Amino acid sequence: MDFTNLKNTDPELLDMIKKEEERQEYNIELIASENFTSLSVMEAMGSLLTNKYAEGYPHKRYYGGCEFVDEVEDLARERLKKLFAAEHANVQPHSGSQANMAVYMSVLQTGDTILGMDLSHGGHLTHGSPVNFSGKLYNFISYGVDKETETIDYDQLKKIALENRPKMIVSGASAYPRIIDFEKIREICDEIDAYMMVDMAHIAGLVATGLHPSPVPYADFVTTTTHKTLRGPRGGAILCKEKYAKAVDKAIFPGIQGGPLMHTIAAKAVCFREALREDYKEYMQQVVKNTKVLGEELKNYGFRLISGGTDNHLLLIDLTNKNITGKDAEKLLDSVGITVNKNTIPFETLSPFITSGIRIGTPAVTTRGFKEEEMKKIAYFMNYSIEHREENLSQIKEQIKEICKKYPLYQNA
């Protein structure tokens, strides 16, 4: 990208950006929630739309001069509705967390009971963690996975729901590698007359391309981020049934946000258009193929995969049998140029700052053009680095750099 002005006005900051650019260019990015946006997304994000205040919604603003940003937001909303066949869309949430907060506030009261997935079983902070606003403002209770299969225990979920009769059931996850049965959860919600909310932030790209069943026909509310598998700017969005549209919109503004970030909404519109194209479907199909191959190769090296494998874009790995913690594995792999994140596993015995596992995903490397053969090499690099962690691993780091050179991030930037 062109940094001519920044070079003159703030070379100190530009130096930091350049170092991060180099890190992204020469490292294998396996954090499941990260991706590389297109240059078009970045151009929209860096446009002069950032100058415009636009409190309110299209054609009902609290500021003048909004006729063109109204067009931008309308375009983003219509594209998002088309992408997921939804009745209503709100593209103003600054993040997935704020999208979740807005849904809770739209139909619930402080202190109401909500049933969500346990964080250590694959849920998310905003699904009831006691350190998060969700756990502080609402009475969250948790469901999790079966100890044997390590997949969602729907019988347990139903039992807890019948015993506690929550006002809402939240599904979706940040570290769950299997298909989620939204139809079954809808049936449980109907039995206790509860709202159904799905946080599909991680799997939105899979849902958009038919590689994961859509929650939209079943859920009252669906939230998502626009980065991760959707490959857009950092931000959030909400889909809902038309009957909840006013409540959701009011919860975002004036409920928890002021002016929307119009440059980000423009970038969201770009990514929704990209996700409607046929080549995006091919990309997501390759993501799933890559994840499955990477998982099988790691299993061949003796790594234990939570639930035994994956149906989506990510793998959760229990490192106990490798005699290394998630924290140490993250640091070790980072030293050779593979970026992962430490992650708790179901029935975790270690602190969330240490963890027994790591979470990895393939959306970012697939965006670069990596395919099955590269997945086999990544599995080899990971295994070799962990098995030979007391040795000099400079040759592995060099091999990783060479692979990255074959798949440059932004060839024409």
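Along the chain as shown, residues are numbered 1 onward.
Yeah, the Cβs are placed from backbone N, Cα and C, and that goes for glycine too.
Residues or ranges marked as (6S)-5,6,7,8-tetrahydrofolate binding site by Swiss-Prot on the basis of sequence analysis: Leu119, Gly123, His124, Leu125, Ser351, Pro352, Phe353. The site 'Plays an important role in substrate specificity' annotation in Swiss-Prot covers His227. Taken from Swiss-Prot, the feature N6-(pyridoxal phosphate)lysine applies to Lys228, supported by sequence analysis.
Structure with Swiss-Prot features highlighted.
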residue : record                                                  : DSSP class
Leu119  : (6S)-5,6,7,8-tetrahydrofolate binding site              : helix
His124  : (6S)-5,6,7,8-tetrahydrofolate binding site              : coil
His227  : site 'Plays an important role in substrate specificity' : coil
Ser351  : (6S)-5,6,7,8-tetrahydrofolate binding site              : coil
Integer Å distance between the CA atoms belonging to His124 ((6S)-5,6,7,8-tetrahydrofolate binding site) and Lys228 (N6-(pyridoxal phosphate)lysine): 15
Rounded inter-Cα distance in Å - Ser351 ((6S)-5,6,7,8-tetrahydrofolate binding site), His227 (site 'Plays an important role in substrate specificity'): 28
Distance, His227 (site 'Plays an important role in substrate specificity') to Phe353 ((6S)-5,6,7,8-tetrahydrofolate binding site) (CA atoms, angstrom): 25
Cβ neighbours of His227 (site 'Plays an important role in substrate specificity') where a neighbour is any other Cβ within 10 Å: 25
Cβ packing number for Pro352 ((6S)-5,6,7,8-tetrahydrofolate binding site), 10 Å threshold: 15
Separation of alpha carbons, His227 (site 'Plays an important role in substrate specificity') and Pro352 ((6S)-5,6,7,8-tetrahydrofolate binding site) (Å): 24
For (6S)-5,6,7,8-tetrahydrofolate: widest Cα to Cα gap among Leu119, Gly123, His124, Leu125, Ser351, Pro352, Phe353 in Å: 17
Distance, His227 (site 'Plays an important role in substrate specificity') to Leu125 ((6S)-5,6,7,8-tetrahydrofolate binding site) (CA atoms, angstrom): 18
For His227 (site 'Plays an important role in substrate specificity'), the one of Leu119, Gly123, His124 that lies nearest, given that the binding-site residues are compared by Cα: His124
Cβ packing number for Ser351 ((6S)-5,6,7,8-tetrahydrofolate binding site), 10 Å threshold: 10
Other CB atoms within 10 A, centred on His124 ((6S)-5,6,7,8-tetrahydrofolate binding site): 24
Phe353 ((6S)-5,6,7,8-tetrahydrofolate binding site) CB neighbourhood, other CB atoms within 10 A: 9
Protein Cβ atoms within 10 Å of Gly123 ((6S)-5,6,7,8-tetrahydrofolate binding site), excluding its own: 25
